[in-house]
Amino acid sequence: MGSRGRRGGGERETETEEDETWKLRVGDDFTVPERFHRKPPFFSRIFPAGSHGKHRKIAKYYKKQENLLKDFSEMETMNEIGSLDQNAPTEEELRQMAKGERLAINLSNIINLILFIGKVLASVESLSMAVIASTLDSLLDLLSGFILWFTAHAMKKPNKYSYPIGKRRMQPVGIIVFASVMGTLGFQVLIESGRQLITNEHQVFDHRKELWMIGSMSSVAVVKFFLMLYCRSFKNEIVRAYAQDHFFDVITNSVGLVSALLAVRYKWWMDPVGAILIAVYTITTWARTVVENVGTLIGRSAPAEYLTKLTYLIWNHHEEIRHIDTVRAYTFGTHYFVEVDIVLPGDMPLSHAHDIGESLQEKLEQLPEVERAFVHVDFEFTHRPEHKAEV
């Protein structure tokens with residue numbers, strides 16, 4: 001990736017600007033031209049063509065460069081103060097955050113149970129296929145709550161002998177299991193609703209129970225909406241999965257209620273049609289969730305911009321680094337594993353080389369996206385690949 005000549009040996013007591021000429025530096029005077037901050041007309045954003053399309057591409061390029069320089073600035077701060085953020089949360093603040101996350105999860109599970117009981121009663125009273133589809137969705141909320149609680153609980157009990165690299169992979173696996181069950185349920189509702197439409201089979205609804213159904217389903221939608229807002233205030237992936245689940249419930253409850261009311265007031269077939277809409281929405285949404293989480297488990301590479309950011313950090317880590325042979329970052333769960341090969345002088349004492357490699361590893365693992373970093377130290381870079389070739 002790059003190399004540099006020898007830049008003076010010996011220990012450095014203090015560093016001046018002249019001593020740091022080996023470092024990569026980015027300027028602070030780069031700004032996106034003002035004309036690219038302005039949004040093009042609405043029609044041009046929908047159908048980019050001609051000069052507007054070119055303007056959009058150039059603005060995107062400048063924005064990308066601006067973000068890259070911002071990343072470089074963060075890496076410089078990390079090299080200077082030893083951490084990414086001087087305002088990083090303390091241990092007490094982290095404990096408070098964890099306490100808040102547990103409260104959000106427990107509150108979601110308790111409310112899901114209460115609302116599920118209410119929706120079961122609404123389903124029994126209305127016999128609406130759309131309401132039943134929404135109720136079955138709430139049943140899976142309870143199942144998802146158990147799966148996500150179990151994965152969160154398991155991740156908090158590490159076992160370095162049985163699970164040497166931790167249990168963080170349990171999080172996407174739990175989400176995949178839940179999403180698969182959600183998709184299966186949606187498919188079953190789709191089949192039953194289609195059967196009702198084909199056979200012209202439907203239930204006669206009692207108008208006296210209409211207000212009770214409206215109150216029950218509306219209350220569920222309102223409660224779920226506020227739960228969604230609360231859970232979205234957290235950064236924890238499991239809590240945010242709950243937020244996504246609550247958002248789905250707002251949609252399915254609203255569609256189920258509207259479909260049932262339209263079926264009562266106008267045409268009976270609007271009820272199974274609403275159930276089909278809920279089923280299709282459930283299947284497509286959770287299929288997308290499965291694809292996203294499977295992608296985190298199969299070792300997908302980090303974006304080129306992130307690898308560039310890592311390379312900048314590695315190069316500026318220590319003056320004695322002669323060459324960067326390899327920089328890899330790939331998903332193995334929700335975070336990245338990073339592999340780095342650096343070249344140091346061949347006559348450097350082992351203890352000194354070890355300290356440089358270990359401090360670089362610790363620095364890389366401070367990045368919030370990185371779960372584990374592996375730093376390999378070598379004295380030359382002309383050798384053949386050291387790992388078994390891919391078949």
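Cβ from N, Cα, C; glycine included.
As annotated by Swiss-Prot, region 'Disordered' applies to 1-21. Annotation source Swiss-Prot lists topological domain 'Cytoplasmic' at 1-103, 156-171, 232-246, 288-391, citing sequence analysis. Residues or ranges marked as transmembrane segment by Swiss-Prot: 104-124, 135-155, 172-192, 211-231, 247-264, 267-287. If you look up Swiss-Prot, you'll see 125-134, 193-210 marked as topological domain 'Vacuolar'.
DSSP labels the residues of the topological domain 'Cytoplasmic' (232-246) in these numbers: 10 helix, 0 strand, 5 coil. Residues 128-130, 132-134, 137, 178-180, 182-183, 185-187, 189-190, 192-194, 196-197, 202, 248, 251-252, 255-256, 258-260 of the same chain, all 6+ positions outside the transmembrane segment (267-287), place their C-beta atoms under 8 angstroms from a C-beta of that stretch. Ranked by the number of CB pairs under 8 Å to the transmembrane segment (247-264), the listed stretches 104-124, 172-192, 211-231 are led by 211-231. The residues of the topological domain 'Cytoplasmic' (288-391), classed with DSSP into helix (H, G, I), strand (E, B) and coil, number 37 helix, 27 strand, 40 coil.
Within the model, the topological domain 'Vacuolar' (193-210) carries an average pLDDT of 72. Here the topological domain 'Cytoplasmic' (156-171) has Cβ contacts under 8 Å with residues 237-238, 297, 332-335, 371-372 of the same chain, all six or more residues outside its ends. Per-class residue totals from DSSP over the topological domain 'Cytoplasmic' (156-171), listed helix then strand then coil: 2 helix, 0 strand, 14 coil.
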